[in-house]
Amino acid sequence: MKALIVLGLVLLSVMVQGKVFERCELARTLKRLGMDGYRGISLANWMCLAKWESGYNTRATNYNAGDRSTDYGIFQINSRYWCNDGKTPGAVNACHLSCSALLQDNIADAVACAKRVVRDPQGIRAWVAWRNRCQNRDVRQYVQGCGV
């Protein structure tokens, strides 16, 4: 009986944790979803961004106390501007979706919203992690050996 309880708790923690992509699996998925070269942004740059924003974790969240917004999902898309979480004051919801959609293992909605973000004048510079960890750096390592 104890073994079943422990197994249940382990399975529950896996469900809450979400999908953490393997590097090459994510690279192939992003390529398939049209991210390689989207708005002139290389697949390696998208991979670097995802690495430093979420560690490739679809369920990553980060609360920002200053403006009471939250960053969601593999790209850490912010509820102040891009999605609706029902609790961020003055939210814009420019991607026209619920923030919970950004936490799914299927990242199609997250990719569509990230594409919307980079259509704004700031482009990929909207992400602080990209500016701090990827901009003007050799990011080839994020796709190396993935065959993409």
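Yeah, the Cβs are placed from backbone N, Cα and C, and that goes for glycine too.
Remember, predicted model here, so these are calculated numbers, not experimental data.
Sequence annotations record features per position, and here Swiss-Prot assigns active site to Glu53 (among others) based on sequence analysis. Secondary structure at Glu53 (active site), as computed by DSSP, is helix. Around the Cβ of Glu53 (active site), 22 further Cβ atoms fall within 10 Å across all displayed protein chains.
Sequence annotations record features per position, and here Swiss-Prot assigns active site to Asp71 (among others) based on sequence analysis. Under the DSSP three-state reduction, Asp71 (active site) is assigned to strand. Within 10 Å of the C-beta of Asp71 (active site) there are 24 other C-beta atoms, taking all protein chains into account.
Swiss-Prot lists Cys24-Cys146 (among others) with the feature disulfide bond, giving sequence analysis as the kind of evidence. Long-range Cβ neighbours of Cys146 (disulfide bond) (same chain, at least 6 residues apart, Cβ-Cβ under 8 Å): Arg23, Cys24, Ala27, Arg28.
Annotation comment: Swiss-Prot describes Cys48-Cys134 (among others) as disulfide bond, evidence class sequence analysis. Sequence-distant contacts of Cys134 (disulfide bond), defined as residues of its own chain at least six apart whose C-beta falls under 8 angstroms from its C-beta, comprise Asn45, Cys48, Leu49, Trp52.
Long-range neighbours of Cys99 (disulfide bond) (same chain, six or more residues apart, CB within less than 8 Å of its CB): Thr70, Tyr72, Ile77, Ser79, Cys83, Asn84, Asp85. The disulfide bond annotation in Swiss-Prot covers Cys83-Cys99 (among others).
The disulfide bond annotation in Swiss-Prot covers Cys95-Cys113 (among others). According to DSSP, Cys113 (disulfide bond) sits within a helical segment.
Per Swiss-Prot, the feature domain 'C-type lysozyme' maps to 19-148; the stated evidence is sequence analysis. In this model, the domain 'C-type lysozyme' (19-148) carries an average pLDDT of 97.
Residues or ranges marked as signal peptide in Swiss-Prot: 1-18.
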Across every protein chain in view, the count of C-beta atoms other than its own within 10 A of the C-beta of Cys95 (disulfide bond) is 22
DSSP three-state call for Cys146 (disulfide bond): helix, strand or coil? coil
Cys113 (disulfide bond) and Asp71 (active site), compared by Cα position, are separated in whole Å by 13
